[in-house]
Amino acid sequence: MSPQTETKASVGFKAGVKDYKLTYYTPEYETKDTDILAAFRVTPQPGVPPEEAGAAVAAESSTGTWTTVWTDGLTSLDRYKGRCYHIEPVVGEENQYIAYVAYPLDLFEEGSVTNMFTSIVGNVFGFKALRALRLEDLRIPTSYSKTFQGPPHGIQVERDKLNKYGRPLLGCTIKPKLGLSAKNYGRAVYECLRGGLDFTKDDENVNSQPFMRWRDRFVFCAEAIYKAQAETGEIKGHYLNATAGTCEEMIKRAVFARELGVPIVMHDYLTGGFTANTSLAHYCRDNGLLLHIHRAMHAVIDRQKNHGMHFRVLAKALRMSGGDHIHAGTVVGKLEGEREMTLGFVDLLRDDFIEKDRSRGIFFTQDWVSMPGVIPVASGGIHVWHMPALTEIFGDDSVLQFGGGTLGHPWGNAPGAVANRVALEACVQARNEGRDLAREGAEIIREASKWSPELAAACEVWKQIKFDFEPVDKLDKTK
């Protein structure tokens, strides 16, 4: 008799409530290559043993419920249940544990991040026996990742489309983010691209408001792109935000962008949802559009250390759902992001194979096989003095995005773009000559400013601007 139809008549049904750990805590279990593995930070309620808490997470995120049910006998729980197979205390934290859970692959629909998250981070996060719960990391088996298209194009294809190699790409978010007319918005796009940037960007909440409807914005931005390309001889782009109230409207906007001949569109993947994002990613691959992803709302989910979901999980999910760029923090700017932790999930976005490394917050070895990589975007409170650090931290396969750091230049938008391009070219040249960007960065920028008045003016404006705050979410102590 098959496991799917096997009954437990020989055992008999016994109604009632029993501890989760009797069924779902299995420290002897050896994980399979096909299992999805999860690392949860568990804070049990007082009096709840860690084994019971970990087992409860495994149960409530897979086959379990609060009481024994008769229909358990109509299937094989051993085949389908999640298993808490290891628990370790968190060093330096009281009553906090990392619980490792293995999920059989058959629990998940192929190619659906939506279904994966509905199971793993669904109801269990409101479970009363837990004071707090955080999903720290996932191991996605190759047998599951191969059911996803992933990024529409990936890093190498994007470079080939843009014909730009050997340096980070430069971007700028148009400010003020709300209130500009479509024509004035397009003017700012043109000035920034003409000044030397590769991309400009809609902000995450620019959709289709009364002051600037999406179609008008798309048309004026396309005009700006073509004019800047003609004058500079470089391929340019603007992230046209296709995010909308319905999937149908979102695709309609992407179709219009394709008809205009622009190279890239944008989506807010958390507020828009994974189903919408995956649909847009498939459209972009089929129609030759790059896809920029904004992570608006991520800090609601990932900023608190004890509860929610770490961004490295959201980053993996985005790579599976599909996107060619995603915002990933800056380390040095105004937004949250510890260096080693940020570099950990940057590698998870870009690389094919990433080894387990707890010093960078990576709980599992991850093999993406042939799935294309995602370019991390550094954006938020950065300016020309940050350029050496950003170039050193993120390397060539990145987008460095200066919004206020371009449009806030005292001479205007185009000079702001010139300043950033000169600073970047100086840093890349210095690095290629063997200079130490971390140690000599300020001197490299000062030297470049001697022959670039635009850069000199930018250096003067932002010479004392720093964002010196401790990150809320830090790596755990190792001992």
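Just so it is clear, glycine is given a Cβ too, placed from its N, Cα and C backbone atoms.
Same-site candidate for substrate binding, as annotated by Swiss-Prot with Asn123, Thr173, Lys177, Arg295, His327, chosen from Ser62, Ser379, Ser398: Ser379. Taking Cβ-Cβ distances under 8 Å and a sequence gap of 6 or more within the same chain, the neighbours of His327 (substrate binding site) are Ile293, His294, Arg295, Pro376, Val377, Ser379, Gly380. Each of Thr173, Ile174, Lys177, Asp202, Asn205, Val206, Tyr239, Asn241, Met266, His294 belongs to the same chain as Lys201, Asp203, Glu204, is absent from that list, and has a C-beta within 8 angstroms of the C-beta centroid marking the Mg(2+) site. In this structure, Lys14 (N6,N6,N6-trimethyllysine) belongs to neither helix nor strand by DSSP; it is coil. Within the same chain, the residues at least 6 positions away from Lys177 (substrate binding site) whose Cβ sits under 8 Å from its Cβ are Asp203, Asn205, Val206, listed in sequence order. Cα spacing between Thr173 (substrate binding site) and Lys201 (Mg(2+) binding site): 5 Å, rounded to the nearest whole number.
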